[in-house]
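Noted in TrEMBL for the protein shown:
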- 64-172: domain 'ABC transporter family G' (DOMAIN)
- 185-315: domain 'ABC-2 type transporter transmembrane' (DOMAIN)
- 202-223: transmembrane segment (TRANSMEM)
- 238-261: transmembrane segment (TRANSMEM)
Amino acid sequence: MTRGISGGQKKRVTTGEMLTGPARALFMDEISTGLDSSSTFQIVKYVSQLVHVMNDTVMISLLQPPPETYNLFDDIILLSEGYMVYHGPRGNILEFFESAGFRCPERKGVADFLQEVTSKKDQQQYWYLDQEQYRYVPVLEFAEHYKSFHVGQQMLEELKIPFEKSKTHPAALTTSKYGQSSWESFKAVMSREQLLMKRNSFIYIFKVSQLIILGLMAMTVFLRTEMPHGQISDGAKFFGALTFSLITILFNGFAELQLTIKILPTFYKQRDFLFSPPWTFGLANIILKVPVSFVEAGVWVVLTYYVMGFAPSAGR
C-alpha cells in the first residue's frame with residue numbers, strides 16, 4: 001500500500017547500479033522513456049562526466065532529446081530507415097546537412113531538426129538553396145553524401161588502417177572478472193546486508209517479542225510442578241515440551257525465508273552482471289544472520305528451560 005520511489009528515481013538507481021562492476025562499455029537504449037526532460041538531462045550529464053573522467057565508452061539512443069541534453073553528447077550517430085546518415089562530432093552535423101542543401105532554423109532544436117530533415121513529409125521546410133529547385137533527398141542519398149563529406153572520409157581513412165593489438169591501452173579492456181578484489185567485494189556486500197538488517201530491524205524486534213510471549217505461554221502449559229519425572233511414561237510430557245520449542249523456533253525463522261526469496265531476483269541480476277562473487281552474498285548472510293538465530297534460541301531457552309523443569313544443573 002505504500003508508494004515506492006518514482007520512475008525517474010528507479011531509472012537513476014538502475015543506471016548507477018549498472019555503472020558498478022567491471023564493464024567499461026555501456027549501451028543504453030531509450031533511457032528517456034517515461035522520464036521528464038529534467039531527469040533525462042541529469043542522468044545524461046552524470047554519464048557524460050563518467051565518460052570524460054573514467055574514459056568509458058557509452059552509447060545512448062534517445063528519441064527527440066531536448067536541446068540541453070543533445071548538447072551533452074560528443075559524437076552523434078543519426079540512423080534512418082536502416083541507414084547510417086551521419087556518424088561523427090556533434091559540431092559538424094549541421095555543416096553536413098547544409099552541404100546537402102538543408103539548414104536548421106535558429107530557434108529550432110537540433111534534435112528535432114535531425115528527426116524531420118530525413119522524413120519526406122517535413123524535409124522541404126529546411127531547404128535553403130533559393131537558386132535551386134527543391135527536390136526530395138532520400139535517406140540513401142544522404143548516406144552516400146556522408147561518404148564524400150570530410151568527416152565520413154576521415155572515418156573511412158581511419159578504418160583502412162588495421163588495428164594493432166600491441167598498441168592497445170592496458171585500461172581499454174577489462175582484464176579482471178570483477179571490478180574490485182574479493183575482500184573489497186565482501187566488505188561492500190557485508191555493509192549492504194548490515195544496512196538491510198538495520199532497515200528491517202522491526203522484523204527482528206517483533207520476532208524476539210513474539211518468542212517472549214510464546215515462551216510465557218509455554219511456561220504456563222509445561223509448568224514444572226505439573227511435570228513429574230520419576231517414570232518413563234512421564235517423558236512424553238518432556239518430549240511434548242521439546243517438540244513445541246523446536247516448532248516455535250522453526251516457524252519463527254520463516255519470516256527470514258520470505259526476505260531471502262524477495263532478494264533473490266536482485267542477487268541473480270548482480271551475479272550475472274559480475275558485481276561481486278556469489279560466495280560473498282552467502283558468507284555475509286551467514287555471518288550476520290546465524291548470530292540472530294542463536295539469540296532467538298537463547299531467549300527461548302533462558303525463559304523456558306528452568307520453569308519447564310528440565311535438568312536443573314547448568315552443564316545440562
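Each residue, glycine too, has its Cβ placed from N, Cα and C.
Listed by sequence, the residues of this chain that lie at least six past the ends of the transmembrane segment (202-223) yet keep a Cβ under 8 A from its Cβ atoms are 237, 240-241, 244-245, 248-249, 252, 255, 259, 292, 295-296, 299-300, 303-304, 307-309. For the domain 'ABC transporter family G' (64-172), the model's average pLDDT works out to 85.
Secondary structure of the domain 'ABC transporter family G' (64-172) per DSSP, as helix, strand and coil residue counts: 50 helix, 15 strand, 44 coil.
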